[in-house]
């Protein structure tokens, strides 16, 4: 079975270090959650069949627990824990003994059984201030000064109004002044933890999407969907949170006015790629980070999800940072090095960070921006529009990636344009 080590994608830097060492891509044995699994059911099952399957699982699990063989494993298990339903994809998490796992693997209703996994956050440190990223988004990829605070960012003044950006991350400081009351708490999957951002990553990502100063879509709403805390998570929580997001978008009739940002990455893990793909088929757009391993993104999840918008990082002078993943599955490049945004620790706190965690929300913000000014009826239309606006052949060392950088199209629009300084 393939294992996955997820991490949030901001990189550790020291001054002058532009080639940091990435976190390990593959998980070690200690990363597996003992006795805990993610089970994916086959498609086409009826509600009655799923109910019967759950009853069967409970019965088999109880019988195995009562046997000597199950007790000898030394792992206390609790059976089915949570169920996830994304479009027509049905999955559940559970704590099972080895015998029950064997029984599940042979069950005709089961597509796959994968061990659950701890998910780790990448370390971050504060950097000098920089504002080049926004100016880059409206400059057709023209190189911009790294440390300038007078870079123009031109945009339509609808600026994401009426659109909802869902940030699956460490939470968001919804009281930060950058959000002007447009950020709300949605779902917290972490038990016995408050729905606050103690790590900073989620607030940072949300600021790039929709902050009044640092955001691409300055009037968009942002929803905090907390699947990480201060250092680790598991698929049990990530899938629960992603499931909640898809349901909330669907129930709120926001499919054409919502985008999900996933600034996370790890080794290829099919169950989560399947979840992202099913959300796409349900009419929901997901933007994901390419990953920080300096390798081909085809080996990463969710970067390898075929219909996610996968984002690599580009520097201010149109070069690929050595950390950014690349490859044919990278759809687009966006600013991802020395990007300033909101941070933890106060309602006006900021930090400057690097990584594909910063690149992805630039494009998620662009999606929100375009949704507010154009009629984009489906994820396919969203992706086509974003890619149609890109500027080609600018990124140096893009390797075999599609070479196109993000652009908001403003120079082709006939509006009175506000400017950001």
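From the backbone N, Cα and C atoms, a Cβ is placed for every residue, glycine too.
Of the candidates 299, 388, Swiss-Prot records N-linked glycosylation site for 388; the remaining residues carry no such annotation there, which does not rule it out for them. Across the recorded positions listed here (169, 201, 248, 357, 388), the residue whose Cβ sits among the most other Cβ atoms within 10 Å is 357. Cα-Cα distances to residue 261 (N-linked glycosylation site) place 169 within 10 Å, out of the recorded positions 169, 248, 348, 388. Reduced to three states, the DSSP call for residue 348 (N-linked glycosylation site) is coil.
DSSP assigns residue 261 (N-linked glycosylation site) to a strand in the three-state reduction. Using a 10 Å Cα-Cα cut-off from residue 201 (active site, charge relay system), the recorded positions that qualify among 169, 248, 348, 357, 388 are 169, 357. Same-chain residues at least 6 positions away in sequence with a Cβ under 8 Å from that of residue 348 (N-linked glycosylation site) are, in sequence order, 176, 177, 178.
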